[in-house]
Amino acid sequence: MASPKRSLLSGLWEKLGLDGPTLLMMGKGALPAAIFTAAYQATPVAKTYSTLGYVVTIIAALSLCILPRAKLVQLTIQNSVAVALAAATCLLGVWTATRARAHDPSPPGQAYNASASAVSAAWLFVTIWLANLLRARIPSLSIPVIMYTVFISIIFTNGGLYTMSGAISTVVLMIKCFFTGYGLSFAVGMVIFPVNCREIWWKIFAGYLMTSKGLLVEQKNFLRQHETMGTEEGKKSAIALAALEKAHADLFTKLSTELPMAKREVALGRFLTGDLQEAYRLIRATLLPLQGMTVILDIFNRAARMGPDEDEKCPVPREEQLSEVMKTLHEPYERIVGMCGEAIEHVLLTMKLKPSPKKVGGDEEAPSIEPGEEGFCQTLEEKVQAFYSTRAGDVRTYFSSSKAAGTSDTAGGISSGVYMDEKHRSELYLVLFMEYLLYNAAKSLLALARFAEEKKQQGVVDRTRLVYPTAKRLKKWLGSMASSRNDDVVDISDVGAVKVSGLDGISPNRDPEHLAAGNSLQKLGNLIAIFTESISSSESSFGLRVACATLAAALPAYFESSYVFFIEKRLVWASIVIAIGMSPTSGASLIGFVGKIAATAIATTLALINWYIVDGRTAGVISFMWFFIAIQFYFVIKYPNMIQSTLTALVTHIIIIGYELQVRKIGDKASTRSGQPILSINEIGPHRLLVTIGGLCVAMIFTILPYPTTTRSLIRSSVSSSLFLLARAYSTTFSLLQLRIHGTAGDVSNKNSPGRRYEKTHVKLLTESFLANDFLRTQIEFTMYEPSLRGRFPREQYDGIIEGVRNITNYLSIISYASKPFSMGGEWAEDLSTLLRNVDTQMHQITSLLCLLSASLASGNPLPPFISLPEPFRLARAMEERDGGVKLDHLVEPGFVAFAAVQVAIGVMRDDLVRVIGMVEELVGRVEFPDERSFSGDLKVKLP
């Protein structure tokens, strides 16, 4: 009976992901709060921080010492600047309030002053508005804005009561509290189990390679089970393949987003910054062929829904033909998966990203060189070349045996060319398409293995050195800290507040109501217009909502009859909850509000358990506080999308326990000096919960009023922007294709060559597209939480557009990757390039069409009454017209295989474009003119 229990417990432990590093980070995250709470029990510390001791504990926990070092340094700098600005703003605001008091003095002995309160309320409103405008525009500044908001909320809600000397002493004490919390968190982060961004990046790198290995194996299994696609087993295989594909793409996105911070890190490590960049470039080269091979799942779906007349428009084999194609791919997949798996193993072992396996003794001589051993790349390269040299003959033999339409003979009677018939041409193209990706997957992983072996030979892998960023990179880092393009240190915003690079949509480059400025006065007017446009922006609208909600909750603090009630009931918590908890969209806000209320209730329960489990004894309370905070940090680490709710729970737990220990230490008299009555452990928890609920209800009201900003409207604008991003990617890809066709791409090793610049832009657009797609998929889930009195949200149409954009982007990447041989020279490649120069790529028509779809969806205006979709880009037809058919003898030409891959990608991409147009038309409709037949009689002209 013991064994099943142990198995159940270990399974649960593994499911929760409670491995060693996670447990260490959980304990580390709770340390700053526990350390200061223990230190506060010393009388000198308690005298220094007085009644704000628990504020230090809150700030120390919110500073997130679990972050990697470079991110912790950046966050600490940002937080410090935010608090410095908050202190200066508060002193200026209180000074203006005291000036107002001086002009309209209160009766002797009365602390309240109406004029000073009004001025303080105005300062609170304006500062909250501007801070949240900045937060909406630059989401990476969310935590610094939270720190700023807490600081000014505490000061300005009491601004009508302060004298200048009292305000200065309070602000100085607040600065001490905040910077003590920052310093404590920074020290723990740097000293206790420190983690650096480079280490994390290399772990993601290793995870990407292992996922690539699993993806290849799952693709192989999928091909084996192609005959069971309609069964439950086939559906499970398809689901598993789709899940691995998403995990693979997510890991690459993490590699891309974590790379800038990894370059900025100061650490002891083996690899230099240049090595990181080169490793990323090589790993990026593996993404397209590995992700491209998963299109086999997409091709199955297309074949199932393909109509009887779609052979030319979508060059994908029919469902009954796919069985033959899959059988053709079984053997090459088996071989290539083995080679790729060995290459990945060699990289992991050589770069010491995986422990070396123990060698089994007794073998006199190893039969071959194993992964991880020197010289393995040579063996692997021979295998790859053998695969490439034999596959062309195998494919030619297979197709010429039963699918040739005819042959042409030379004078000597020897066949010089075997022609494919039109019926089976799509099968050949698909086989060549998949094998091209297979071969390039092996080549790209081989290049990565060569890089690893080269670093091993240079001694880089076996030597540790101090790695640090250059002065130029440090300067760039400092400049990026307040940039809207800055990489998020931590995603603290609700999903609705996140801005994704590339989703800016079509921006006006001219003012249709004004010509260019012609004099100095008009230029000054342009500057004023920029300011007024910022005030009328959506970010400013969100800031105004937050400011209105915060002021509504804080209003009792500014009236003589209610300011005492505001202080006694600690309603400043409500204004702080509002300021940090509102989101630009109602869907994200609603789910966030529910999460915060649940988190506050759970934290209250845990705090009571924390207190009573040790009967309120100080040492035990502090120990268990560390334990319970560590549990809450589990959700920060494992569920970052719940981070706002988790931090709300952290603050609640710390306030309850920290306040009770503070009262016990400094006594009742000192605790009531601020005007707040003492609350017992049984009272403060429910009180905190009620105040939180009240604050969130006020926030929800101002999220909906005067009009709701829904997640649905954000989805529409974001999908529109993704179509514009797709138009940019399409234009860039086909411009690069034309450069290669015409032989004007230049030397790719030259950074200033046209081909290199276009390729760099394409890679940037690809990364932005991955991020945008993830953002949209996450964002669209929030639409189900938004109540609506009108019709149902057209989820299916938007899902179809998002899926179509993703597919087209993937095929554009394949086209960019596969067209490289067009510019590599060779007699056949030159002939092909000459032929393709006369083929219209229709780049401008399709780019214009995508821009039209984007603009129509953004504005909600219907599409034009007639949309002419360009004809298919018929590469194969052009070749047939020249050669009389598709020759199998061309299989030995690298350019022909690339040509087949491009042909399949272009045909399938057009199919997706048709579907996207249909989805957009379902959403916005078309312009409809009156039926001309109803007034055709009026148009008749009598001829003499």
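First residue shown is number 1, and so on along the chain.
Even glycines carry a Cβ here, placed using N, Cα and C.
A quick note: this is a predicted structure, and the numbers were derived from the prediction, not measured.
Pulled from TrEMBL, these are the features on record:
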- 48-67: transmembrane segment (TRANSMEM)
- 69-306: domain 'Putative ER transporter 6TM N-terminal' (DOMAIN)
- 79-98: transmembrane segment (TRANSMEM)
- 110-133: transmembrane segment (TRANSMEM)
- 145-165: transmembrane segment (TRANSMEM)
- 171-193: transmembrane segment (TRANSMEM)
- 568-701: domain 'Integral membrane bound transporter' (DOMAIN)
- 571-591: transmembrane segment (TRANSMEM)
- 597-614: transmembrane segment (TRANSMEM)
- 621-637: transmembrane segment (TRANSMEM)
- 643-661: transmembrane segment (TRANSMEM)
- 689-707: transmembrane segment (TRANSMEM)
- 706-867: domain 'DUF2421' (DOMAIN)
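As a summary of secondary structure, the domain 'Integral membrane bound transporter' (568-701) carries 112 helix, 0 strand, 22 coil according to DSSP. Annotation: stretch 79-98 has the most Cβ pairs under 8 Å to the transmembrane segment (171-193), among 79-98, 110-133, 145-165, 597-614, 621-637.
In this chain, the transmembrane segment (79-98) touches the transmembrane segment (145-165); three or more CB pairs sit within less than 8 A of each other, excluding pairs fewer than 6 residues apart. Non-local neighbours of the transmembrane segment (689-707) in the same chain are 545-546, 548-549, 552-553, 569-571, 573-578, 581-583, 586, 589-590, 593, 596-597, 600-601, 604, 648, 652; each lies 6+ residues outside the stretch with a CB under 8 Å from one of its CB atoms.
Confidence in the domain 'DUF2421' (706-867), given as mean pLDDT, stands at 78.
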